[in-house]
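Over in Swiss-Prot, the protein carries these features:
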type: BINDING; residues: 111, 112, 113, 114; note: (6S)-5,6,7,8-tetrahydrofolate binding site
């Protein structure tokens, strides 16, 4: 099978590396996004897929707008590929591009389509508290994640897993599924299944305002927001920004889902304690060697990892000691 791979971030790397290892797959080249400026020096930095392509001496294209780049389109057409495999590329492909490969364009999408179409399916599925997510391969069409589905695999998600951790697991699952899809599709074993548009939901790009923590929300809603939009959710303390990147919801509804080392907190932090009259955002406890416990709109939230303004990421307990945090202080005050 002759393949052109399209992808950009680290999520796409396992799929590319898996294709490179397969004896019946010939990767003709890679299309990826242009280098971006980042870091303190604002230097141009290659994306993860480009690094892999260079390491394997693969032909590489980095068009600013692929559907407008005549030279890239001519090159791709001349390759006479069997498949284009697209994993988190970052640009919409035109009908002209979709028609180039002999057997179609296969997309690897990080959700159980038709749910969570769009740019951030992992993040929004965690934000919404989904306990299952997965990978779908599909035949691409001109819409955004609307193509006919080929194969799906499901992944169970733990209460404490964040978007980065789930992304890593889905990337590996997706790599296996891409190869399985290609092998079945090339011999005509797959029957594409049209998506039920009435069941579609969407996962748009995350906006700056999505990162703000509202302590009037329930502990579980905040937990899901923090792990979904990891590591960038933010509140404030003493008028200074405070990022929160790992938490633990406290309350009887969650004990069975927590690791054993945290279940020892159960006798101390009953539901009745969180029903007391504390303003949301208040520090209502200091769990030794763990971190501060914050009152929410429903239940308590233990802060396990934070990043104060101008400082490194630190444990909740280091934060308690470094900030000399006191019971009764309040987060989120402007």
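Residue positions begin at 1 at the first shown residue.
Every residue, even glycine, has its Cβ placed from backbone N, Cα and C.
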- Note on the structure: residue 114 ((6S)-5,6,7,8-tetrahydrofolate binding site), Cβ-centred 10 Å count of other Cβ atoms over all protein chains shown, is 20
- Message: Highest Cβ count within 10 Å among the binding-site residues 112, 113: which residue is it?
- Response: 113
- Note on the structure: Per DSSP (three-state), residue 112 ((6S)-5,6,7,8-tetrahydrofolate binding site) is coil
